[in-house]
Amino acid sequence: MNNLPVVRSPWRIVILLLGFTFLYAPMLMLVIYSFNSSKLVTVWAGWSTRWYGELLRDDAMMSAVGLSLTIAACAATAAAILGTIAAVVLVRFGRFRGSNGFAFMITAPLVMPDVITGLSLLLLFVALAHAIGWPADRGMLTIWLAHVTFCTAYVAVVISSRLRELDRSIEEAAMDLGATPLKVFFVITLPMIMPAIISGWLLAFTLSLDDLVIASFVSGPGATTLPMLVFSSVRMGVNPEINALATLILGAVGIVGFIAWYLMARAEKQRIRDIQRARRG
């Protein structure tokens, strides 16, 4: 097989730098202006941490942050559990009656517009409230259910791709030695797909934290998430507190992302060492 020649051109570096600049320059400007002492977000008036203090004293903003983080963590956890079960059914159970319909229902939220999803869930909750009296009020619970609905699809796709790459001979060898399918899953399969589960959890957490459209449909008067509060604030003018909040979120995402990358890299190295040790043994 002939390998195609690698074209080394300085333009590749230029294009790469332009791409990174386009992606990260706005974030850098946001971080810089979060330390601006002026009330006008576009006018520089000197360095100050004033808006971080104002942010911490803003009860409405802190309440929205707490609500969004709680919903995102709970939705990501539920989506990780349901997505793992769905992925195992899709990959390990093979063809069964209704498998195509099951796969379609799992992946449908990936291509469904948020407006349609939000409106359909709103109609569902209203119909349930009239039929059985639940939910009596729309709020944190309805937002959580809505987020689990679409986050599960993303988690299932991530874990399914990982399951298809696994060497099934390891699982078959364990069952030949007398292990039950349930024990094989928890002792062998689950540790091997754990990096994918963590990735799916982080993806679901990000999607839930970032959602505005669906939450706007299914939320109630007493439940205002962070994207909803930020959107309403921006419509009346950009508040410098938003720059400070965005900077804190960027820092938190960077730290969590690094920790997740480190844990997954260490788990992957350990998995490779275990496989090599088993083959030598």
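Any Cβ shown, glycine's included, is placed from N, Cα and C.
The record in Swiss-Prot shows differing topological domain names for M140 and I275, meaning opposite sides of the membrane.
The list of residues near the topological domain 'Cytoplasmic' (264-281) in space but at least 6 beyond its ends in sequence, with Cβ under 8 angstroms from a Cβ of it, reads 170, 191-192, 194-195, 198-199.
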